[in-house]
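**Student:** Once you've had a glance at the structure underneath, I'll fire off some questions.
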Amino acid sequence: TLHDKQIRVCHLFEQLSSATVIGDGDKHKHSDRLKNVGKLQPGAIFSCFHPDHLEEARHLYEVFWEAGDFNDFIEIAKEARTFVNEGLFAFAAEVAVLHRDDCKGLYVPPVQEIFPDKFIPSAAINEAFKKAHVRPEFDESPILVDVQDTGNILDPEYRLAYYREDVGINAHHWHWHLVYPSTWNPKYFGKKKDRKGELFYYMHQQMCARYDCERLSNGMHRMLPFNNFDEPLAGYAPHLTHVASGKYYSPRPDGLKLRDLGDIEISEMVRMRERILDSIHLGYVISEDGSHKTLDELHGTDILGALVESSYESVNHEYYGNLHNWGHVTMARIHDPDGRFHEEPGVMSDTSTSLRDPIFYNWHRFIDNIFHEYKNTLKPYDHDVLNFPDIQVQDVTLHARVDNVVHFTMREQELELKHGINPGNARSIKARYYHLDHEPFSYAVNVQNNSASDKHATVRIFLAPKYDELGNEIKADELRRTAIELDKFKTDLHPGKNTVVRHSLDSSVTLSHQPTFEDLLHGVGLNEHKSEYCSCGWPSHLLVPKGNIKGMEYHLFVMLTDWDKDKVDGSESVACVDAVSYCGARDHKYPDKKPMGFPFDRPIHTEHISDFLTNNMFIKDIKIKFHE
């Protein structure tokens, strides 16, 4: 049954940090299928950005993918788990569970329960160990520890620690890179992931926009992009320990500069950036065979996304290199570039921890600026593309406790640690932490359909801050860099007046519910029609930015476009539409023909956003209030 399968999958991820015994990995005893894995030592920090780690992970998930049936997959995975690096094993096993047909409907347990040490600072984990060791042997009562602050106000960036260190955001980033591994080889799997390069651009662009909104909410200036490969970088201390080895994710002192590694020189990265920018301005990229591939409006962003990341779909890996991934690796090794001190890398090396570091956002704004440079070569959308004839949006209301105001507060949350680390025999070991949460709300959009027939519309909802850090109104073309997508959905409009109502919990960017390890072991919420994309998505408690105490003003932007022109064949039957805007849809095309981020993905030549509007758009000013 599905439940039995789910239990077997859960057991693969239980107590992973102590699954391998260092020095016990005599590979000769293992199945011949596993001969290409076991290079990365158990206890080392696995990096989803380092080419060597990624290649070994690819070998392993291809072995899992090739397993004859579900039973064979579980058995070979159980064997690999005994000697393969635990982070690499989790990555490969998750990719396999997410993509094997006989695993449809199964969930991977939440990464924050598999590796709580990547999410919960070491002081709290240490406290849990201590509490477990000083109690009588027969005592099984639950243990609760509190997560302590990891910094203080001497560091201006500390004001955003609540956001960067949010468990849900970091788990989303880990999961997104499993659904879209950079080593995914469409020729080998016989499945192309639709618009994967463009999704890489869009998902990270939205992360940057959301981070800037959060900075403005805290009275800080929007971030400055990383810009110059020779500049000293700001420091960061993660306070995380890697339980599998007992070593910590290295902090980065203030003022270090990027330095050459054995694998890559900084001058090579400068050259990669130059070559990509040259190609953008020439309007084409050079393929491996020397032919030119035009960066047209339809595929340009997708081609660039594969180049910049870079993934297996890069048109010319030798020439354009691997800019984004090497940036993560060099920043993570900045404190010990040649390995002379045997230091562990910093958090930038790992997708489940890199969002904690402020430098992540500076780096990604730098990457986003490359795409921005390309988007600026495209013509602004003209009236005919933006307009939806006969459709007029007359008003928009955001319904909450107070109309057009969203209230935020801090909420207490507990994370179960016992499946990842369990010293002793406690029934449960939980870490208590606080995260932001906003009240649920809904949108009511009043639309007039002036035609005589029913129309199908795509409703696109965005939010953007009204004022910049100095209190000036943000101009339209600048605004599009901080516009965040809140929702996108299909609706039917009858002739005459229509009111379209949509709840915030149904958003196309957020994850509505993630079952815990315990839920999965007990078979809660299992359904054969669910797909892997159901566990990818932005955390719903951070759908909107936090605002401030007096109520920060935002533009709520609503646009209706013609669904008959937007629809993609076959996208009606997508089993999981949870976070389709950021995560796409399994084995289907991305269910929207328009470019991701439309209409804010191209230059806007009007000064005020109000001059940009056509009849099918509407802007309502709303407030977001934060209560201590």
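For all residues, glycine too, the Cβ spot is worked out from N, Cα and C.
Here Swiss-Prot flags Thr1 as blocked amino end (Thr). Annotation source Swiss-Prot lists Cu cation 1 binding site at His173, His177, His204, citing experimental evidence. Sequence annotations record features per position, and here Swiss-Prot assigns Cu cation 2 binding site to His324, His328, His364. According to Swiss-Prot, the feature N-linked glycosylation site maps to Asn449. As annotated by Swiss-Prot, disulfide bond applies to Cys534-Cys576, Cys536-Cys583.
Give me the structural setting of these features: burial, nearby parts and distances.
**Tutor:** Cβ environment of Thr1 (blocked amino end (Thr)): no same-chain residue six or more positions apart lies under 8 Å away.
According to DSSP, His204 (Cu cation 1 binding site) is assigned to a helical segment.
Packing around His324 (Cu cation 2 binding site) is summarised by its Cβ count: 24 other Cβ atoms lie within 10 angstroms of its Cβ, all protein chains included. According to its DSSP assignment, His324 (Cu cation 2 binding site) is helical.
Non-local contacts of Asn449 (N-linked glycosylation site) by the CB criterion (under 8 A, 6+ apart in sequence, same chain) comprise Asp390, Ile391, Lys455, Leu493, His494, Pro495, Gly496, Asn498.
In three-state terms derived from DSSP, Cys583 (disulfide bond) belongs to a helical segment.
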**Student:** If you measure C-alpha to C-alpha, which of His324, His328, His364, Cys536 (recorded positions) come within 10 angstroms of His173 (Cu cation 1 binding site)?
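**Tutor:** Checking Cα-Cα distances against His173 (Cu cation 1 binding site), the recorded positions within 10 Å turn out to be Cys536.
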**Student:** Tell me the coarse DSSP state (helix, strand, coil) of His177 (Cu cation 1 binding site).
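**Tutor:** Looking at the DSSP assignment, His177 (Cu cation 1 binding site) belongs to a helix.
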**Student:** Once the DSSP letters are reduced so that anything not helix or strand counts as coil, what is Asn449 (N-linked glycosylation site)?
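**Tutor:** DSSP assigns Asn449 (N-linked glycosylation site) to strand.
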**Student:** In angstrom units, rounded to an integer, how far apart are the Cα atoms of His177 (Cu cation 1 binding site) and His324 (Cu cation 2 binding site)?
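**Tutor:** Counting only the Cα atoms, the answer is 13 Å.
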**Student:** Report, as a single number, how many Cβ atoms besides its own are within 10 Å of the Cβ of His177 (Cu cation 1 binding site).
**Tutor:** 21
**Student:** With the Cu cation 1 site defined by His173, His177, His204, which remaining residues of that chain have Cβ atoms positioned within 8 Å of the Cβ centroid?
**Tutor:** His172, Trp174, Trp176, Met203, Met207, Thr351, Ser354, Leu355
**Student:** Enter the number of other CB atoms within 10 angstroms of the CB of His364 (Cu cation 2 binding site).
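**Tutor:** That number is 23.
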**Student:** Between His328 (Cu cation 2 binding site) and His204 (Cu cation 1 binding site), what is the CA-CA distance rounded to a whole number of Å?
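**Tutor:** With distance taken Cα to Cα, His204 (Cu cation 1 binding site) is 14 Å from His328 (Cu cation 2 binding site).
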